[in-house]
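The structure appears right after this line, and notes come after that.
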Amino acid sequence: MLKQIDYQGKLEEIAEKFQGRKTEVSKEVNKTVQQIVADIQKNGDTALFNYAKKFDGYDVNTSNLLVTRMEREAGLEQIDEDYFRILRRTKSQIEEFHKHQLGNSWNIFKENGVIMGQIARPLERVALYVPGGTAAYPSTVIMNAVPALLAGVKEIIMITPVKADGKVNPNILAAAEVCGIETIYKVGGAQGVAAVAYGTESIPKVDKIVGPGNIFVATAKKICYGVVDIDMIAGPSEVLVIADKTAKPKYIAADLMAQAEHDKLASAILVTTSEKLVQQVDEELNRQVQNLERREIIESSIRNYGGAIVVKNIDDAFDVSNQLAPEHLEVLTSEPLTQLPKIKNAGSIFIGEYTPEPLGDYMSGSNHVLPTGGTAKFYSGLGVYNFIKYLTYSYYPKEVLADFKEDVETFAKSEGLTAHANSISVRFDEM
């Protein structure tokens, strides 16, 4: 199942394939989403309700758009206390990690009377998109909501599509309850994204949209970006495992498949110094996959977008990883902590054989909303800082402005901006 990749002189080619798995948006999809967004922008609730009926089969109107307290209670009754305990523990773990990301306000008081500084302010209102149906992920609710809560976002609303019965997945309701999210709208798809981006008669406009979705949701987020902020446009998931001869083959195989089961476009790559380990991992893959429900998806993704790269030494392994910039990076070597400084590009790093990537998907504390497709070279995972904006300010007394007067005027005139220069000089005309 696990093919060996010859990377000698082909690293750029490998990276291109690894990073080129993004689902291409067809002209038809893009055109359809543009029409939906324009319709919502122009016709508000009327268009929103029509699309909900057309795509989801739910006959939504102003009276049943919001999840009521009674509906929440009915859904929550289906959740046992142990699951609530797990959700609360997950939230606590995420909070403990993310509270260290809180932005700071600061100021500088100079002897000449100048005051400069930065003010950290949370976004006012954020929308969390949560996919509906059987593939609902309550962990994503917590991963997106906790950083926003810690940042101090005043209002978090949730949008999620429902089927004809109008019911929201109980696990999603439970996660929302644990996070204190009170407002849940029963709409989704591109129409839901457009509704929170532009606002309708019933749904308020937000400052930022976060959360995963299908190609229509992702395209709508991309189109609406600029009108509203978004988290990122995520592609298929990926994991890269760096391992030496001390690593356990069965652990590596299990971790590769854990990522591969997400999607047929998911990528699971092993980079190792041991050819023997590649053979052992392949044997484990073939053995373990027999008992897994998503076997077809796993085999397809590993066959088409997985593989093993054998390198001469561990430094070469990190060079490969830094070039690929994986969403998830596992380091399974004899001394993994000492090799942390070698890592330049990765969405999130999992160090040692008892820190498997799925722990990070749920309860390690780090966020699982991460850059994909090589974008970890310039993007970070979701954090508190994504829900904070920074306002800079400065105060200059007249005598200090006088000291800068000629330099600023000269600079402005060199750029042909004489009104800029005049803004400075006019303050000294009376002198």
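Numbering starts at 1 and runs along the chain as displayed.
Glycine residues also receive a Cβ, built from the backbone N, Cα and C atoms like all the rest.
Binding site for substrate per Swiss-Prot: SER237, GLN259, HIS262, HIS328, GLU415, HIS420, plus ASP361 from the candidate set ASP207, ASP282, ASP361. Cα separation, GLN259 (substrate binding site) to GLU327 (active site, proton acceptor), rounded: 11 Å. A Cα-Cα distance of 13 Å separates GLU327 (active site, proton acceptor) from HIS262 (substrate binding site). Secondary structure from DSSP puts ASP361 (substrate binding site) in a helix.
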